[in-house]
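Down below is the structure, laid out as structure tokens.
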Amino acid sequence: MARGVEALDLPVWSRASGPSRGPQCRSAMAHLDSEVKEECLREDLKFYFMNPCEKFRARQQIPWKMGLQILKIVMVTTQLVRFGLSNQLVVAFKEENTVAFKHLFLKGYSGVDEDEYSCSVYTQEDTYESIYFAISQFHRLRNLSLGTLGYGENEDNRIGLKVCKQHYKKGTMFPSNETLNIDSDIEIDCIHLDLQTLSKDPQDWKNSSFFRLEFYRLLQVEISFHLKGIDLQTIHSRELPDCYIFQNTIIFDNKAHSGKIKIYFDSDANIEECKDLNISGSIQKNTQYVLVFDAFVIVICLASLILCTRSIVLGLRLRKRFLDFFLEKYKRCVCNADQWEFINRWYILVIISDLMTIIGSILKMEIKAKNLTNYDLCSILLGTSTLFVWVGVIRYLGYFQAYNVLILTMQASLPKVLRFCACAGMIYLGYTFCGWIVLGPYHDKFENLNTVAECLFSLVNGDDMYATFAHIQQKSLLVWLFSRLYLYSFISLFIYMILSLFIAIITDSYDTIKKYQQNGFPATDLQEFLKECGSKEKCQKESSSFLSCICCLRRNGSDDHLTLIN
């Protein structure tokens with residue numbers, strides 16, 4: 001190669017004469033140009049796949065993205081913790097008010113829900129007393145409640161109670177004669193009791209025909225009312241208080257007609273902007289500091305988003321250069337695995353995390369300013385983005401061989417694990433449907449499909465096994481025997497066979513990765529191309545300096561857009 005370069009020295013070309021020397025010179029120049037492009041591409045590829053520390057040692061390039069990601073981890077985590085502490089106050093206020101409402105409006109409430117319902121009654125007298133008790137407590141609320149509560153307007157913009165009852169249209173029933181004549185059409189009757197009506201003699205509205213219930217036709221009685229409240233505990237955290245509207249509903253459910261009326265209490269709390277807040281102190285100043293901090297988080301994430309997007313775009317450009325070169329020189333396409341190497345999946349994860357953090361931070365700022373009240377959506381965005389941020393830390397641990405084993409094992413085993421889970425999932429769904437239809441009437445944990453799936457997943461993990469066996473009702477000997485066969489076969493199949501195979505798949509991938517680390521990984525087309533320089537007698541040092549010089553000169557020209565800095 002060195003001799004070829006000497007033969008193509010410019011003075012030699014100037015002494016050449018005759019038509020026979022022209023094509024040879026042009027061919028040599030074309031060959032030299034191809035060598036230069038190949039060497040430039042190889043150098044760009046090597047630099048692209050370097051980690052930040054290697055890039056710093058190679059070209060003294062400061063790892064801005066890595067520093068920005070470390071700063072973002074600190075900022076996003078701090079933001080999440082502050083929002084979580086604030087959200088805890090909101091959740092606690094809602095839950096404590098719900099408990100207080102149950103004690104205020106449900107007669108005989110013990111403090112613990114009986115099941116999915118709060119309490120129950122078994123006689124007509126107890127039903128009437130429970131209905132009248134809830135109405136009377138609503139009228140006396142201001143003298144009873146310990147909280148900051150007031151009356152709110154319902155859907156009809158009226159203050160008071162709305163009582164509705166559902167019943168079959170008409171019918172007669174004589175159980176002793178086994179006679180039933182009923183119209184299955186459902187009628188709904190409602191009455192509104194405002195504060196003025198409740199202030200009168202209670203016997204006036206109690207003796208109304210509306211409250212004469214025919215229990216054999218009655219399906220349910222629903223009492224609904226709205227209350228307003230102000231959460232003052234946020235002041236201790238130097239935050240502006242929230243104003244709430246509680247949409248409360250008490251349902252007396254008699255649809256089963258089993259002699260037991262279940263009483264449900266539901267309270268839906270909505271946060272609204274307070275109309276007039278006049279609070280002195282340092283709360284407003286603290287709110288401004290928090291808003292500035294959130295804005296700074298948005299700027300950090302926006303910078304991270306731009307840098308990672310830029311790196312992905314540059315990687316795609318480099319991939320196109322490599323694909324074109326490989327097709328031109330070797331007359332074949334690059335495998336898909338090598339093509340995916342140019343797309344950094346960590347950067348995609350960071351971009352998704354940054355977008356979620358930016359949107360979540362904007363929502364948090366609006367919530368802080370009391371312009372929005374959607375805590376749930378903001379929590380999902382900030383929580384998921386923080387999860388992705390901390391998962392991204394694994395990328396930097398992967399620079400060390402001891403930690404890189406985890407990442408490589410996960411990458412190698414993931415396709416096999418997904419295929420295995422798809423097969424095992426079919427068996428799992430079969431057991432789920434079977435348990436629901438057979439054991440549902442005899443076991444609380446098999447009443448619906450969702451509960452069955454959760455129960456079986458707990459059994460796979462070895463949780464609550466004895467209770468699942470013991471709680472089956474022994475009313476039917478056939479079902480009891482089937483439940484034993486069902487549970488023993490499921491536990492044996494999934495714990496001793498499927499779970500063991502699942503672990504074996506991951507263990508096999510781990511052993512393969514350890515073997516590759518000791519003996520070397522299989523070389524791909526991309527890796528072979530990067531190693532070619534070392535196999536050509538160190539690229540013949542005499543010409544490499546000349547090629548590098550020409551390469552640098554060409555980069556200063558029209559090919560600047562091809563130079564990649566990752």
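Quick reminder: no glycine exception, Cβ is built from N, Cα and C everywhere.
Features as listed in TrEMBL:
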- 90-275: domain 'Mucolipin extracytosolic' (DOMAIN)
- 289-313: transmembrane segment (TRANSMEM)
- 346-365: transmembrane segment (TRANSMEM)
- 377-397: transmembrane segment (TRANSMEM)
- 378-513: domain 'Polycystin cation channel PKD1/PKD2' (DOMAIN)
- 417-439: transmembrane segment (TRANSMEM)
- 485-506: transmembrane segment (TRANSMEM)
Within-chain partners of the transmembrane segment (417-439) [C-beta distance under 8 Å, separation at least 6 from its ends]: 446, 448-449, 452-453, 455-456, 472, 479, 482-483, 486, 490, 493-494, 498, 501-502, 505-506
Stretch in 346-365, 377-397, 485-506 most in contact with the transmembrane segment (289-313), if contact is a CB pair under 8 A: 346-365
Overall pLDDT for the domain 'Mucolipin extracytosolic' (90-275), taken as the rounded mean: 85
Other parts of the chain folded back onto the transmembrane segment (346-365), taken as Cβ under 8 Å at six or more residues beyond its ends: 69, 76, 79, 83, 291, 294-295, 297-298, 301-302, 304-305, 308-309, 311-312, 372, 374, 377-378, 381-382, 384-386, 388-389, 391-392, 395
Beyond the flanks of the transmembrane segment (485-506) by 6 or more, those residues with Cβ under 8 Å of it: 409, 413, 416-417, 420-421, 424, 427-428, 431, 434-435, 438-439, 456, 459-460, 462, 465, 468-469
Within the domain 'Polycystin cation channel PKD1/PKD2' (378-513), residues counted as helix, strand or coil by DSSP: 119 helix, 0 strand, 17 coil
